[in-house]
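Colleague: Handing you this structure, nothing more for now.
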Amino acid sequence: MNFLLFITIIFTFAKIAKSNAVLNYVEEAFSSRYEVQKLANYAIDWAFNNGMILRYDIRHNFIAQFSPVSLLPSPFPREAFEKAIAVQEAMQLLYFRVACDLDFLLDAYKDVVKTDKHIRQLVDILREVKEQGIRQPKTLMIMRSDYMLNTVKSSKKDGKDRYEIKQIEANTGAITGLRIDRRTTELHQRLLKRIGRDPTNAPQNEGDTNLINSLFMAWESFGNSDALFVILSANWNKYKFELRNIEDELERLSGGKLRVEYVPLLEGYTNFSLADDNSLLLNGKIVGIVYSGLSALGYQANEKEMHTRKIVELSTAIKAPSLAIGISSSKKIQQLLASPGILERFFPDPAEADKVKAIRETFTGLWGLEKNDEQTERLIAGAIEHPSNYVLKPNGECGGNNYYDERLREKLLTMTREERSAHILMQKLHPMTTKNYFLRPFYAPKFGLVVSELGVYGTLMGDLLTRDVSSNVQRGHLLRTKSAGVNEGGIGVGTAQLLVKFRLAKVRPIDRLRAVAPGHHSSPVLLQTWPSRVGQTGQLGRTPKAFSDRGSPWPGKFK
């Protein structure tokens, strides 16, 4: 018995050690600062050479910077990744059907519009579209569904934590960055090879190709080869290089027939008009497609810009996406879809029960705050008492506007009931923590504890009147990686390393590691088992210990 117990303990420690090796492989990949900087220099050069770049700022349109990126892919469980990929097409179908149900949308926002002027203006446009009739039923939805790997602490004696994939956001508005996501994966495949890891474990990432093909398909379906393709944008866009790539590829696919025009939302007020047959005209020329680079929910438009949106929606141009799709993925809609019985409204066919089940499994706790009843008051009181268990989210949230911890408590204490209706409460998740280096312009590589959010891309082409779907495709992904101590973080690029089974390892407290700025791309690496460290046989190789601190371009301790 004692011998069996001894073997069990040894086996358990071996599994934990293997788990640590997997989760901490980035830390184990380097023996010196010199090695880190050597790989970082290669990564930065590759990024500039291969278009993984962003505009610098509005004052310097002639200056580019490389996109912030994790130095290596971040570990991510294969099973969770594959689950998020598998449910995407069902998720796209759900939000398309929501957009087709204008009565549901208008009713969903009836309390929100009382205090949210921006949402009220969008809903007014949607109501006018409903009253006048949908003049162009064809629409293209570009969707990104965001998930977090939530860690559930074990209550059993074996002490095994488990993880679950939970949706934190659905995005059907302006989706950008897909080309950078693909380039990030390609970069990380090369970097994995340089440290002796298997690059094929990083899954292919072709979301940008699917987007371009879908936009071209929409333009062809308009049926007029002379019609313009309009990209609705702001005066300045850090993703302008990506938009230029879309422009070039569309012209190539059309054999030079397709012509792209960039129209800032404000300029559309004077340059757009409607013909007698409700065709959209840009300075007198027919527009076939309007591809929106500005989120209807996230971009706070002024009156003239709102007029531009209304003109576009009332026209016969194909919208990518339509306004109905653009506002179908707000926090309020997300919360309503998680309510009992609502999914069945959009999937009434028993043959689609598997879609309902798969979607529902991704939901986390979501609660509306608009009701003046005992249950809502109890919920709010609980959130005020334990604010660390919740996140307060406004409907127009596109990053940076959420309330956490003490700010959440203060907000709930001061909000009126009408103001509460423009927000939802979400269960706060506990993401898996790993380690990585981050590269940012003007900064040395930084090492720290990180958490990752997985985004899954796809497109759907459908008819808003008949609800028929001509194309529904999942392709592409991103990993938004940020410091474990940061609540908010914009889109960042990184690759995830996808693992099959592992025990979640204990990690050092966050305050013992250097802070890592939010907003870096990463990418996933899919692994059945984690290969052993290659060391000197890898392309990067080992730096002799005596040389480890010599020639380092940045000071300070390695760890």
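Keep in mind that glycine also has a Cβ here, set from the backbone N, Cα and C atoms.
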Colleague: Would you mind telling me which of 385-409, 535-559 TrEMBL tags as region 'Disordered'?
Modeller: 535-559
Colleague: What does the structure give for the C-alpha distance between Arg480 (substrate binding site) and Lys331 (ATP binding site)? Integer Å is fine.
Modeller: 19
Colleague: What does the DSSP secondary structure composition of the domain 'Glutathione synthase substrate-binding' (237-325) look like, as residue counts for helix, strand and coil?
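Modeller: Helix, strand and coil residues of the domain 'Glutathione synthase substrate-binding' (237-325) number 32 helix, 22 strand, 35 coil.
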Colleague: How many other Cβ atoms sit within 10 Å of the Cβ of Arg480 (substrate binding site)?
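Modeller: Arg480 (substrate binding site) is surrounded by 24 other Cβ atoms within 10 Å.
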Colleague: A 10 Å Cβ contact count, applied to the binding-site residues Pro394, Asn402, Glu453: which residue has the minimum?
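Modeller: Candidates: the binding-site residues Pro394, Asn402, Glu453. Fewest Cβ atoms within 10 Å: Asn402.
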Colleague: Other than its own, how many Cβ atoms are within 10 Å of the Cβ belonging to Lys331 (ATP binding site)?
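Modeller: Other Cβ atoms found within 10 Å: 25.
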Colleague: Under a three-state reading of DSSP, tell me whether Asn402 (ATP binding site) is helix, strand or coil.
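Modeller: The residue in question, Asn402 (ATP binding site), is coil (DSSP, three-state).
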